[in-house]
Amino acid sequence: MTANRDAALSSHRHPGCAQRPRTPTFASSSQRRSAFGFDDGNFPGLGERSHAPGSRLGARRRAKTARGLRGHRQRGAGAGLSRPGSARAPSPPRPGGPENPGGVLSVELPGLLAQLARSFALLLPVYALGYLGLSFSWVLLALALLAWCRRSRGLKALRLCRALALLEDEERVVRLGVRACDLPAWVHFPDTERAEWLNKTVKHMWPFICQFIEKLFRETIEPAVRGANTHLSTFSFTKVDVGQQPLRINGVKVYTENVDKRQIILDLQISFVGNCEIDLEIKRYFCRAGVKSIQIHGTMRVILEPLIGDMPLVGALSIFFLRKPLLEINWTGLTNLLDVPGLNGLSDTIILDIISNYLVLPNRITVPLVSEVQIAQLRFPVPKGVLRIHFIEAQDLQGKDTYLKGLVKGKSDPYGIIRVGNQIFQSRVIKENLSPKWNEVYEALVYEHPGQELEIELFDEDPDKDDFLGSLMIDLIEVEKERLLDEWFTLDEVPKGKLHLRLEWLTLMPNASNLDKVLTDIKADKDQANDGLSSALLILYLDSARNLPSGKKISSNPNPVVQMSVGHKAQESKIRYKTNEPVWEENFTFFIHNPKRQDLEVEVRDEQHQCSLGNLKVPLSQLLTSEDMTVSQRFQLSNSGPNSTIKMKIALRVLHLEKRERPPDHQHSAQVKRPSVSKEGRKTSIKSHMSGSPGPGGSNTAPSTPVIGGSDKPGMEEKAQPPEAGPQGLHDLGRSSSSLLASPGHISVKEPTPSIASDISLPIATQELRQRLRQLENGTTLGQSPLGQIQLTIRHSSQRNKLIVVVHACRNLIAFSEDGSDPYVRMYLLPDKRRSGRRKTHVSKKTLNPVFDQSFDFSVSLPEVQRRTLDVAVKNSGGFLSKDKGLLGKVLVALASEELAKGWTQWYDLTEDGTRPQAMT
């Protein structure tokens with residue numbers, strides 16, 4: 001009995017037990033009473049009452065007594081009391097070591113520093129808000145941004161998990177049901193093979209591919225990054241793990257038609273969903289960053305050429321993407337900042353631009369398998385042709401704008417997006433019109449027409465999300481066969497709508513026999529303009545340079561970069577670091593308006609010290625008399641060292657339209673049906689291709705011409721009239737097609753909505769300027785121009801079809817702070833206040849009489865510009881979150897003047913709101 005009691009007491013007094021002790025279970029009531037130290041003799045009558053059958057009162061009393069005894073013993077144990085004869089179990093020592101004498105607590109220094117750092121990070125934004133005098137709305141904005149960031153990262157992780165699940169069990173996922181747009185290419189196209197044997201081969205080779213990639217990162221990329229900048233001297237990859245999921249090939253297509261007999265063309269639909277871990281560190285700045293997952297999807301073309309009669313039967317291997325692939329990256333460490341909404345799309349776009357500079361058509365990776373002599377032609381790719389797209393008009397489009405929650409149907413604000421491979425164009429927006437007339441022309445290079453299509457999509461511009469109005473896809477092989485297509489095409493994926501296009505396939509001629517005729521057709525023989533319809537194509541292969549002089553420091557090697565320009569079109573090569581004998585091996589193309597009057601200007605610059613290392617000017621007329629209109633040699637640089645040369649290969653090709661006679665009942669199959677794609681996916685894809693700006697080497701992408709003047713082709717109106725077009729429509733078409741409007745050509749960012757920030761800040765800035773003006777007056781009489789003046793030159797160029805505005809200078813501006821002002825000029829061509837229509841000068845620091853001398857242009861015709869107003873605002877620039885930003889003055893210039901074609905230069909008075917339009921005086 002004593003042993004049972006001690007065991008029961010010790011179990012209840014076990015130190016460290018946080019839960020309420022359970023009552024020990026006994027076989028009988030006598031054992032239960034003995035365990036608690038009493039029997040029936042100590043409590044007379046208890047045993048008899050407890051054994052009485054059906055006694056509910058006895059049961060309740062027994063339970064109450066037992067609970068009271070347990071509570072009494074527990075209170076005694078907590079107060080240091082114990083029953084006589086029972087030893088109290090010693091308390092075990094606390095984890096973490098013995099207790100400190102005198103009750104002094106031990107504090108870990110790293111933990112304390114971490115806690116202080118977290119507290120500082122939390123309190124610093126609060127202090128900054130108070131110091132900068134910002135409102136509480138910034139806190140709400142930060143919280144919203146944080147929530148958006150977490151949601152974005154969660155969605156990205158969810159997409160990664162779905163993609164991994166699809167790769168692991170593709171058959172089960174397909175059987176459960178997926179959308180048609182998510183299926184691989186071999187499901188949609190019968191000529192695309194699944195080639196599962198290739199995936200099995202890649203899976204077996206994947207561990208060795210990972211070893212090669214790790215060596216590439218550690219032995220090639222890491223030393224290159226360290227040598228690029230002294231601040232990156234401690235850069236290193238701490239972990240390079242590409243992951244266990246191999247690259248997957250969803251379909252393979254081999255071209256057998258319209259292919260040279262000495263080449264093999266394959267299209268691989270690749271998909272990589274990798275749970276990779278790539279971590280990097282810059283020890284000097286305690287900076288850690290990395291990538292934890294990557295997704296990339298796209299169509300990669302592999303060309304085996306030339307086929308030869310000797311082993312290995314293939315001269316070289318060329319690899320490139322037909323268009324920018326889809327990319328998604330999950331960042332870790334410091335690069336988590338790139339997952340912030342707004343920055344995540346920008347970071348992915350920058351990486352895509354870097355990939356495009358090496359792997360997107362016309363850029364390619366060429367792996368020679370034989371001697372350099374046989375593959376020299378591969379490093380100088382010549383386009384198969386040039387596609388001239390006349391984007392004329394549309395009819396019977398859907399009305400997407402509604403009012404009163406859909407009760408009243410309105411019209412649409414249509415615009416078009418045209419894509420040829422990696423080249424994307426966007427038309428201007430026609431407000432509230434279901435039969436818009438654009439009358440715009442684009443020119444695009446076509447390097448690989450098998451497998452490439454002309455894709456056109458129409459959208460209705462809205463402030464929040466643009467609505468889909470229809471699409472069109474045209475096979476470029478059929479356009480090449482027809483040479484000229486001028487007709488109405490029915491829009492796909494919508495119930496109604498037609499689009500009028502004129503497509504011209506221009507052949508590249510290696511002689512100048514047809515040049516005079518081409519110049520006459522495009523009206524380039526009557527002016528010296530540098531833009532307009534193109535008559536020729538300039539192809540330039542930049543090879544290398546030798547014996548370049550040093551920069552400003554004689555002992556250091558320069559970082560050479562080459563800038564090339566023809567007229568107002570300029571392109572730039574990649575930067576080669578720390579060398580005076582750089583090797584570029586890059587290709588560039590320029591559309592030429594009139595080769596008889598235009599020159600190629602080349603300048604080699606030191607990017608580090610921003611100085612010129614030499615320049616060169618090549619008249620294009622020299623190429624007209626050269627053999628095959630091609631020159632390949634080393635050119636002597638001017639204003640450079642005595643032996644400084646640059647090696648280039650330059651070729652000129654005349655753009656010739658070969659017209660073919662067709663019977664009246666001739667049919668073609670140019671329009672093709674696109675695979676079923678969700679509208680949401682389509683819009684996302686287009687945005688991903690149009691977002692971002694080219695990087696430093698982004699000019700290598702095949703350039704496109706701006707929208708330019710049209711042509712007066714005989715019979716164009718009669719051939720292109722739709723069934724329901726009337727005489728008035730034909731008259732309008734003939735009138736509008738004779739003067740095609742100009743607008744930006746190759747675009748990279750689609751920003752249709754107005755600049756909201758400017759609209760919101762305008763009333764506030766005007767009010768602040770009026771208060772500042774009253775403070776300046778303060779009982780004194782101000783002059784005629786209290787806010788100062790601005791000098792502008794305004795004219796309209798009929799040759800370029802553009803409004804040209806030259807901002808010369810400002811004088812007598814007001815001081816925005818004690819140090820003066822940091823003025824710059826912002827312009828809009830009202831009523832267009834979109835961000836893409838904004839023009840800005842550079843900022844002049846700490847001056848009240850800045851000199852800008854900068855020229856800007858707006859693509860608009862003369863009749864239209866005379867109905868518009870030029871909005872010019874002089875503003876003060878400040879740093880990020882600075883209080884010194886504000887308006888210095890405005891002026892509105894009415895352009896309804898007959899002298900606009902001649903132009904004028906004038907000083908304009910600045911006012912606080914610019915509400916008084918000023919015309920030419």
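Every residue, even glycine, has its Cβ placed from backbone N, Cα and C.
Mean pLDDT, taken over the topological domain 'Cytoplasmic' (1-103), works out to 47 on the 0 to 100 scale. The topological domain 'Cytoplasmic' annotation in Swiss-Prot covers 1-103 (among others).
The transmembrane segment feature in Swiss-Prot is assigned to 104-124 (among others).
Marked as transmembrane segment by Swiss-Prot: 128-148 (among others).
Per Swiss-Prot, the feature topological domain 'Cytoplasmic' maps to 149-921 (among others).
Feature annotation from Swiss-Prot assigns domain 'C2 1' to 369-489; the stated evidence is sequence analysis.
Following the DSSP three-state reduction, the secondary structure of Asp467 (Ca(2+) 1 binding site) is strand. Within its own chain, Asp467 (Ca(2+) 1 binding site) has Lys400, Ser412, Phe459, Asp460 as residues 6 or more apart in sequence whose C-beta sits under 8 angstroms from its own. Summarising the annotation, Swiss-Prot assigns Ca(2+) 1 binding site to Lys400, Asp401, Asp460, Asp462, Asp467 and lists experimental evidence as the type of evidence.
Here the Cβ of Asp460 (Ca(2+) 1 binding site) has 21 other Cβ atoms within 10 Å, regardless of which shown protein chain they belong to. Marked as Ca(2+) 2 binding site by Swiss-Prot: Asp401, Asp413, Asp460, Glu461, Asp462.
Counting every protein chain shown, the Cβ of Asp466 (Ca(2+) 3 binding site) has 23 other Cβ atoms within 10 Å. For Asp462, Asp464, Asp466, the entry in Swiss-Prot reads Ca(2+) 3 binding site, with the evidence type experimental evidence.
As annotated by Swiss-Prot, domain 'C2 2' applies to 514-639, with the evidence given as sequence analysis.
Annotation source Swiss-Prot lists domain 'C2 3' at 786-908.
Of all Cβ atoms in the protein chains displayed, 14 besides its own lie within 10 Å of the Cβ of Asp462 (Ca(2+) 1 binding site). Between the CA atoms of Asp413 (Ca(2+) 2 binding site) and Asp462 (Ca(2+) 1 binding site) there is a gap of 8 Å, rounded to the nearest whole number. Listed in chain order, the residues near the Ca(2+) 1 site other than Lys400, Asp401, Asp460, Asp462, Asp467 are Ser412, Asp413, Phe459, Glu461, Asp466, Leu469, each with its Cβ within 8 Å of the site Cβ centroid. The Cβ of Asp464 has fewer other Cβ atoms within 10 Å than any other of the binding-site residues Asp401, Asp413, Glu461, Asp464. DSSP assigns Asp401 (Ca(2+) 1 binding site) to coil, not to a helix or a strand. Asp466 (Ca(2+) 3 binding site) and Asp401 (Ca(2+) 1 binding site) have their C-alpha atoms 10 Å apart, to the nearest angstrom. Of all the Cβ atoms in the protein chains shown, 20 others lie within 10 Å of the Cβ of Lys400 (Ca(2+) 1 binding site).
Per DSSP, the secondary structure of the domain 'C2 3' (786-908) breaks down as 10 helix, 64 strand, 49 coil. The record gives Asp401, Asp413, Asp460, Glu461, Asp462 for Ca(2+) 2. Within 8 Å of the mean position of their Cβ atoms, the other Cβ atoms in that chain belong to Lys400, Ser412, Pro414, Val429, Phe459, Asp466, Asp467.
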